[in-house]
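I have placed the structure first, in the form of structure tokens, so that the comments after it can refer back to it.
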Amino acid sequence: MMNASITTCQILIVGGGAAGIATAASLLARDAALQITLVDPADTHYYQPGWTMVGAGIFTPQSTARSMASLIPTGVQWIKAAVATFEPQHNTLTLADGRTLGYQQLVVCPGLKLDWAAIDGLVETLGANGVTSNYRYDLAPYTWKLVQGLKQGRALFTQPPMPIKCAGAPQKAMYLSCDHWLKTGRLAQINTQFFNAGGVLFGVADYVPALMKYIERYAIDLKFSHRLVAVDGPGKRATFVCPQADGSSETVEHSFEMLHVVPPQIAPDFIRSSPLADPAGWVDVDPATLRHRQFANVHALGDATNTSNAKTAAAARKQAPVVANNVLVALGRLSESAVYDGYGSCPLTVEKGRIVLAEFTYGGKVAPSFPRWLLDGRQPTRLAWWLKERVLPVLYWHGMACSRDVNGWPNRKRLTPGMDEHQLLGVGLGAIIGVVLALTGAGGGILAVPLLVFGLGLSIVEAAPVGLLAVGLAAGIGAVLGLRQGIVRYRAAGYIASIGVLMAPLGLWLAHRLPNTPLALVFSVVLLYACTRMFIRASRELRHGQPPPRAEMLPCVLNPLQGRLRWTMPCLRALTLTGVGSGLLSGLLGVGGGFVIIPALTRYSDLGMKSVVATSLAVIALVSTGSVITASLSGVMHWTVGAPFALGAVIGLIVGRQVARYLAGPRLQQLFAVCGIVAAFMLALSVR
């Protein structure tokens, strides 16, 4: 019988890093009644992927740190202590202060240990004598200081034996340093050398050609099979061991003016000495289910496991929903186990402003999040840099590490070559969205969410990005067709969209801080009011054969000679407010903004309804694009559902446009109003 002094936890998570916080959030998103305890001694949580950018002078160190207390999900008990030992045979662990905790389910994700002491003389000279590392919060600023100050001489960059956190990180520091020296005219006077303990530049061959072009551009001297073993800081000399073909080893020394060190990395001591560890010291788990091979109520994820995936935050983000699902299976709350496919991502910063976005699964299989025509990760792109600099930190702080489950469905099975019944249903539901868009210029995003929730069984979190994909693609095609007809006011559309794109991140930021249900209900009421007024107005016009007179001056009117809107200050204000509203709604509720654009253009301009619809489609397409890219990179876009749903939306839009040719403007307004009223009720029901 368990000792009465032992505190027993339903779910005990060891580690408050990216993996631990994401797992806690993912568990609570699936069952808010779970009793979760998280153990971690740290006061501060770090966004470690940002340290490369700190070392290049792009991020401030302060932007990569937040208090641990601010990130622990509400409802999770935090025990601020370190773990000393595990006794999985008795379902207990002991803390460093002597307390014992029992558990029903244990999740182990404490990260790994940077073994600075494994390199002789390194600890004594770190942060001085030109010796630095982006693998530590306090040292990354020193890296940037050295890069700025180096005028000539030798700069050495090292990479230890695998496994390490993000195998591309040692190169990132080198590329960004060389890029700075190149742009300041100093690269020719600096001899850059890369000492890699391994035998290849990067473990996934598809990305090596692009990296080699930068190796050649920066004239970097590659040294494979060189392992750093000692550093003489005052003497500015680094010692390496190189294995020889006959089994012996050779020791070589190199002088330096700057030395960027990546230390060897091992499992934490309390893991290596525990029954959970494999012979190499890592937590021994099944690579697919992430369940411990010996103890069925123990799961692990993140850097401390013995899985062969890249040890990155992106991997932890993908692992978290798998572990959450399988913990609930172990508790008897779910029946189907989830599997992890080994996904990892490494944004290789080859120069300031461009990134080679490496994404791959077990076995080095390339696994891009985007279609190649949009972002080819094998080539350096500005879009990937924008995602790294602007999008990923926001997703980390306000998504994975801020009590939000942005992880979506765990990957239960792969898409088969043919469509199954589920996907065919998705095509049909998507066609409904396309028809609605063609006839009304709005309603796609807000109708898509309820259809996906009720029709395909997705959660609201899962449905929103899929809906935006379908709506954005269909709206884009509709806008192109409208341009050919000359009915799209493309300058107004571009202006509204640019404001909307700027405001969408604010909407996303607010969405992670404001309760979703009241927001959705308020929007439902406003939408119901606006659509009811529009329906009444259109009905009067149909009865009397002409619209009722409007006494007020409209802010936006067409120039009869040019057929373009007159850009007056009142018109600019009206279009600005329209863009603000559509962007905020896109971020807040995952809707494209048509339910703001249509009433606004109808209210503030003299455009005909078909021109209003076409212009709205153009805005929706532009505003939706950024949200779709963000959703894809963050891993919440389910392409097995999204692709057929988007296909159906395109088909529906083409069919709907043919029908719209035979309908009068007031009738289209009535259709929009009816769809809006239905959408208002469906949205209210979907957030109950």
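Residue numbers in this text run from 1 along the chain shown.
Glycine is no exception: its Cβ is also placed from the backbone N, Cα and C atoms.
Note that TrEMBL annotation is computational and uncurated.
Checking TrEMBL for transmembrane segment across the ranges 101-123, 607-629 points to 607-629. According to TrEMBL, the feature transmembrane segment maps to residues 574-601, out of the candidate ranges 154-181, 182-209, 574-601.
Comparison of 463-483, 492-511, 636-656 by number of C-beta pairs under 8 angstroms to the transmembrane segment (607-629) places 463-483 first. Break the domain 'FAD/NAD(P)-binding' (10-122) down by DSSP state and the numbers are 34 helix, 40 strand, 39 coil. Taking the domain 'FAD/NAD(P)-binding' (10-122) as a whole, pLDDT averages 96 in the prediction.
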